[in-house]
Structures are given as C-alpha cells and as structure tokens.
Amino acid sequence: MLLAVVSGQRCGGGFPGVVSGQRCGGGFAGVVSGQRCGGGFAGVVSGQRCGGGTALRRLADVRNQVIFAVRQEYVELGDQLLLLQSGDEIAVIPPISGGKDMNEVEEKSKDIIKFTSEKLSVDEVSQLVISPLCGAISLFVGTTRNNFEGKKVISLEYEAYLPMAENEIRKICSDIRQKWPVKHIAVFHRLGLVPVTEASVIIAVSSAHRAASLEAVSYAIDALKARVPIWKKEIYEESSSSWKRNKECFWATSV
C-alpha cells in the first residue's frame, strides 16, 4: 500500500500538489499531480506528467486492481479531477484478504457428525458452526429429565446402529440444505449412560439469518427421532429399566 501526503508546495507557476510518499508493503503505486483549481488543489491520479508533477509509476496499469482513499475515505477515480488540500493523506489500497474481493470470499460448508460416550459440550458444538458469513446460530439440546409417568429416572442409556446412524444423519443434513440456506450443521449424540441434566444430543446450525437455522434445527431433531436407528433405555430409581419407543419412528405401528 502507498501512503502519501499532498505537499502543497509551489512548483513552477502553479500548485502541482505533488504527493510525497514512501514504500509500504507492495510499493509505490504512483503520484497525485494537480493544478490549482479555485481555492484548492485539483489533481488527477495518472502515470503521466501533469502540471509540475511526475508519476513514479503508471497507475493506468493497476487502476482495476486498487482503490484510493483520501482522508481515510474511499474514493472512486475515473478521469475526473479529485479535489485535494495541502496535508491530505492519500492511500492506494490493494485488494483485502490476500488479493480476493471480500464479496468473493467463500467458506466451505461443513456437516459435522459425531457419536461419543463422552460428555457433550454445548460450547464445543456451537463453536464448530460459527462463521463470519452468518448472523445466527440455532441450537437444540436434549437432556435427561428426572421423571417419566410418575417414575423417578436416574439416567438414560443410548445405543445406536453404527455406521447406518451416521449415514442417516448425513441424509438429514442434505435434506436441510435442500430446504434452507444454512452454512454449517453439527449433530452430536451421546451413547451409553447419560445422567439426569446432561445432554444426550446437541444439534447446531448456522445461517445468515435466524429463520433458516431455527427451522432447520427443528426439522433435524424431528427427522433424527423418526429415521435414525438410535435406542433409548430409561433407568429408574427402583432398579428397574425400560426401553422406550419413539412415537415419531416411521416404521413403528401404533398400539
């Protein structure tokens, strides 16, 4: 980037407004040369001799690759004159972020699926779907409650048919992407014993706006319960237990 200051010194018969600059990063981009116009300095950014100023390099070659800032404000230059004052700071700025326009920056979407016997962390899962392109992260957290139909529950126990369960969740993620413009999806499910108040499943979805991620999370948990081969056993305080059937399970018949 070129940082420079208009010197405003008299040169010949007029005020050329020659920029005094220093090499910074990519090097010199050029010189602002100008003539006195009204009460200020009218200058044209160019690589040619103009008035009393001479460019260090032709800017025409890089005009489409850089943008100019005067007094720390972006300006677009065509062939028009730019009003400059003595002491004005001028910056010649190359593209941000490694030469790519910010509007062209792409971030690959991720589907993150995990079955584990370890304790689940809401913070860990939500961090996985954060994106600078998104303004919303929606979460569903399913936890073990301490009661069912008057019985005191002390824990749940989960089993899954792997890897079919993982494949079914990937299909759910694909369905979500067909329905809503979401960025990242994370589905974590715990296996084995899950004590009261601890999470058995965490689903996180990020999107540019909240509506898409909220609807996607609701769809994901409903589809998971209906399609994914996961089984849950309730363990009660009186040393008994019971395998529970999901009412959403699409192949089960009602009794």
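Any Cβ shown, glycine's included, is placed from N, Cα and C.
Because the structure is a prediction, the values reported are computed rather than measured.
What TrEMBL says about this one:
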type	residues	note
BINDING	HIS209, ARG210, LYS225, LYS232, LYS233, GLU234	substrate binding site
Requested in this report: Take the Cβ of HIS209 (substrate binding site) and count every other Cβ within 10 Å, whichever protein chain it belongs to.
Outcome: 12
Query - For LYS232 (substrate binding site), the number of other Cβ atoms found within 10 Å of its own Cβ - result: 17
Query - Neighbouring C-beta atoms (10 Å sphere around the C-beta of ARG210 (substrate binding site)) - result: 13
Query - Residue with minimal Cβ packing [other Cβ atoms within 10 Å] among the binding-site residues LYS225, LYS233 - result: LYS233
Query - Maximum Cα-Cα separation in Å among residues HIS209, ARG210, LYS225, LYS232, LYS233, GLU234, which the record lists as binding substrate - result: 38
Requested in this report: Might you list, by sequence position, any residue in that chain lying six or more from GLU234 (substrate binding site) with a Cβ less than 8 Å away from its Cβ?
Outcome: PHE148, LYS151, VAL153, LEU156, SER241, SER242, LYS244
